[in-house]
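In what follows, a structure is listed as structure tokens, so that the remarks can point back to it.
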Amino acid sequence: MAASFSVPSMIMEEEGRFEAEVAEVQTWWSSERFKLTRRPYTARDVVALRGHLKQGYASNEMAKKLWRTLKSHQANGTASRTFGALDPVQVTMMAKHLDTIYVSGWQCSSTHTSTNEPGPDLADYPYDTVPNKVEHLFFAQQYHDRKQREARMSMSREERAKTPFVDYLKPIIADGDTGFGGTTATVKLCKLFVERGAAGVHIEDQSSVTKKCGHMAGKVLVAVSEHINRLVAARLQFDVMGTETVLVARTDAVAATLIQSNIDSRDHQFILGVTNPSLRGKSLSSLLAEGMAVGNNGPALQAIEDQWLSSARLMTFSDAVVEALKRMNLSENEKSRRVNEWLNHARYENCLSNEQGRELAAKLGVTDLFWDWDLPRTREGFYRFQGSVTAAVVRGWAFAQIADLIWMETASPDLNECTQFAEGVKSKTPEVMLAYNLSPSFNWDASGMTDQQMMEFIPRIARLGYCWQFITLAGFHADALVVDTFAKDYARRGMLAYVERIQREERSNGVDTLAHQKWSGANYYDRYLKTVQGGISSTAAMGKGVTEEQFKETWTRPGAAGMGEGTSLVVAKSRM
């Protein structure tokens with residue numbers, strides 16, 4: 001007879017703690033924050049992936065703040081507007097006027113990679129590049145928050161009442177590109193973002209091996225299901241870490257021309273096939289391989305591809321069926337009836353698979369249709385894809401089950417596209433929040449909008465549900481504009497260029513970098529020195545002799561440029 005097994009109390013305690021934590025996670029998930037989120041895993045899965053040492057993350061407090069900010073804008077029909085910040089100077093200036101901060105992968109790729117090797121936005125930099133920039137800015141936010149608190153607590157109540165308080169702790173949303181590889185790469189990337197201070201992360205549905213800036217050509221999508229896996233990986237990692245990090249799903253389906261796979265039926269209606277029967281058995285890839293074998297390259301291969309594509313008569317399966325129905329030897333009324341029946345069943349929201357489409361077409365009399373989506377595949381094996389707002393809507397429906405915001409990348413600031421996408425996505429997921437890239441890649445002056453319409457663009461699409469809007473590269477362009485124009489003028493006019501363009505403008509606009517020693521925190525660290533040394537320090541940085549005292553005075557400036565001899569100009573005291 002087998003001996004009975006007595007479960008040690010330690011094992012029971014371990015299980016008890018595990019079950020209690022599972023219950024905590026289930027309660028957390030049932031909160032208002034996650035009422036729209038659907039997870040394909042359980043709370044037990046999450047807790048099993050956690051360690052015993054419970055950790056808290058400052059980014060989680062920022063994530064909660066971001067969520068409150070965005071939901072408030074959504075409720076009010078307004079938008080959080082922001083742009084890509086390059087450095088601590090920009091992030092502290094932005095804090096006075098904007099309620100969120102963006103960290104752009106493009107800007108990091110061109111100005112601040114982990115290897116210091118700049119380049120275009122191809123997501124080929126080390127995957128800690130953007131998290132490192134997030135940490136750079138998040139540390140700066142926290143530092144300037146501490147510095148401000150020390151300064152304010154050194155003031156009298158009357159002085160504090162007259163001194164505006166700046167909330168430097170604005171939530172950061174960061175560019176996660178495509179997740180940088182497979183599931184484990186996405187998991188580790190998201191872990192870095194949480195640890196480095198990101199309140200939100202966006203991940204796009206391009207192929208990670210061919211990723212391009214959203215406004216470059218040659219974009220290749222992954223299947224809907226593959227991008228859902230990326231989003232699930234991100235959400236799972238946030239859950240394991242116990243954070244409410246805001247997840248933004250971006251789709252490049254509007255302008256994409258290729259897709260990696262036809263495995264997901266939701267993509268089938270947008271994949272293009274050959275309808276020219278004379279190309280049966282003559283795939284483009286084999287034709288190009290033959291051309292290379294005989295020594296063709298470059299322009300010659302491009303000519304072969306162009307000629308083949310021009311004769312292929314590429315179209316979606318649905319368009320091919322409609323064309324076949326219209327060619328049938330039937331009365332016009334019967335043709336119209338069958339076309340309408342096809343279009344009714346093949347509506348984009350039904351997401352018919354190709355197999356289902358062929359069955360339906362056969363019932364309508366289209367039994368010998370030649371349509372082949374394998375023949376036009378590229379040399380890399382990609383399928384041809386007909387990008388559109390409709391394709392983006394279909395993806396938006398799928399991604400909204402996991403993500404908190406949906407972002408459709410566009411080629412121009414098209415109000416009709418914005419409306420179509422918003423109405424399409426919200427027809428099935430009415431409470432989802434939307435994001436919009438107010439891209440500097442758009443030639444806004446060529447958009448056909450008046451200045452008034454440009455000014456109204458943000459609030460107008462905010463009313464459609466785009467509650468987070470951002471100029472990805474405004475920090476980069478602002479930096480370039482200021483430095484280029486100043487350098488040009490400085491080369492010509494010397495110090496007068498600096499005084500007129502920089503110093504006086506800082507003074508008149510109340511920009512706190514005018515007193516750059518104070519901005520950098522010299523007073524703050526003097527407080528450390530004095531605290532350590534009993535309240536006094538002979539080596540304080542802001543003591544007697546610091547040149548920044550000049551900016552606290554009111555003075556007269558004789559011989560001002562453009563004024564008569566003997567005149568002077570009174571310059572107002574700087575705003576410190």
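Backbone N, Cα and C atoms are what each Cβ position is placed from, and that goes for glycine too.
Swiss-Prot lists CYS213 with the feature active site, proton acceptor, giving similarity to another entry as the kind of evidence. The substrate binding site feature in Swiss-Prot is assigned to SER104, GLY105, TRP106, GLY214, HIS215, ARG250, ASN437, LEU438, SER439, PRO440, SER441, THR472; the stated evidence is similarity to another entry. Taken from Swiss-Prot, the feature Mg(2+) binding site covers ASP175.
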Other than its own, how many Cβ atoms are within 10 Å of the Cβ belonging to ASN437 (substrate binding site)?
24
Least Cβ-packed of the binding-site residues SER104, SER439, SER441 (other Cβ atoms within 10 Å) is SER441
Those residues of the chain, 6+ apart, with a Cβ under 8 Å from that of ASP175 (Mg(2+) binding site):
TYR102, VAL103, SER104, GLY105, TRP106, CYS108, VAL130, VAL201, HIS202
Note down the number of other Cβ atoms within 10 Å of the Cβ of TRP106 (substrate binding site), including every protein chain shown.
22
Helix, strand or coil at ASP175 (Mg(2+) binding site), per DSSP?
strand
Using DSSP with the three-state reduction, classify TRP106 (substrate binding site) as helix, strand or coil.
helix
